[in-house]
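A.B. asks: Here it is, the structure, as structure tokens.
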Amino acid sequence: MALTPETLTRHELNGLHVEVVDAPNPDLVGIAGRVVVETMQTLHVDVSDTSDGETRVCQVPKQGSTLQFEIPSRDETPAQRTDEAADVEKASGTASKLRSETAGGLEASQSGRLAEEPSAASRMSSGNCEGVAYVTVDGARLLSRPALRTEKAGDTTWR
Amino acid sequence: MSIAEERIERLHGLARKAAAEGEYERSREYVRLARRIAERNRCGLPRSFQRSTCDTCDVYLRPGRNARVRVHRGRVIVRCDCGETKRYPFD
């Protein structure tokens, strides 16, 4: 069970690069950095600049915020897989926008593909040679104690 | 490999990196989280993880920095800065 867009909500978040796409507090939107500490309700994002030696950590609540994680993709990452999501949550609005982008990008010799979850959408950006997948997750899906997330946020067959 | 084992693997690397940067408190957080995951999922910890962490203060041990290592009577003896001593036989 590698770290894929499907298993992200049950996998380790520490060390992943994250960007806050949407949050109730407008000052938090746009924070980007590495996750260093995870608590039940929040993520601590290390936003310290590498140029100056000073460290700076922002605490972002999971509830209500939309987070975009950057997954280092490997060769067997299911780029071909496309799970169509039921169009319910607000994140799927982002997904359809991304899909139209990638559909336009395919003609422009980009091999962007899409894998969707309910309220979680991802985009492979292998077209611009970054080798990473961007996964957008509703922060409410991560609300759990970090150690219990592996068991509790299970992938039930009834979804 | 299950997700729990992979998480422990990742946390091992993160704890090592945090200790190398001098962030000992953060390395403790990672070690504690990895132990808790192993406990909840009943998968145990890799031997390399057990031997490079302190049982008492949970810090990731870096010989020469926060741990002293000596060899005595067929055992490796690792003493953490907190005073905890860990012994294991060498092969």
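Glycine is no exception: its Cβ is also placed from the backbone N, Cα and C atoms.
The Zn(2+) binding site feature in TrEMBL is assigned to B:C54, B:C57, B:C80, B:C82.
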A.B. asks: Could you list the residues of the same chain, at least six apart in sequence, whose Cβ is under 8 A from the Cβ of B:C82 (Zn(2+) binding site)?
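C.D. replies: Result: B:C54, B:T56, B:C57, B:V59.
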A.B. asks: Fewest other Cβ atoms within 10 Å: which of the binding-site residues B:C54, B:C57 wins that one? Let me know.
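C.D. replies: Each of the binding-site residues B:C54, B:C57 was scored; lowest Cβ tally within 10 Å is B:C57.
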A.B. asks: With H, G and I counted as helix, E and B as strand and the rest as coil, say where DSSP puts B:C80 (Zn(2+) binding site).
C.D. replies: strand
A.B. asks: List, in sequence order, the residues of the same chain other than B:C54, B:C57, B:C80, B:C82 whose Cβ lies within 8 Å of the centroid of the Cβ atoms of the recorded Zn(2+) site.
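C.D. replies: My list of surrounding residues reads B:D55, B:T56, B:D58, B:V59, B:L61, B:N66, B:D81, B:G83, B:E84.
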A.B. asks: Give the number of CB atoms, excluding that of B:C80 (Zn(2+) binding site) itself, located within 10 Å of its CB.
C.D. replies: 19
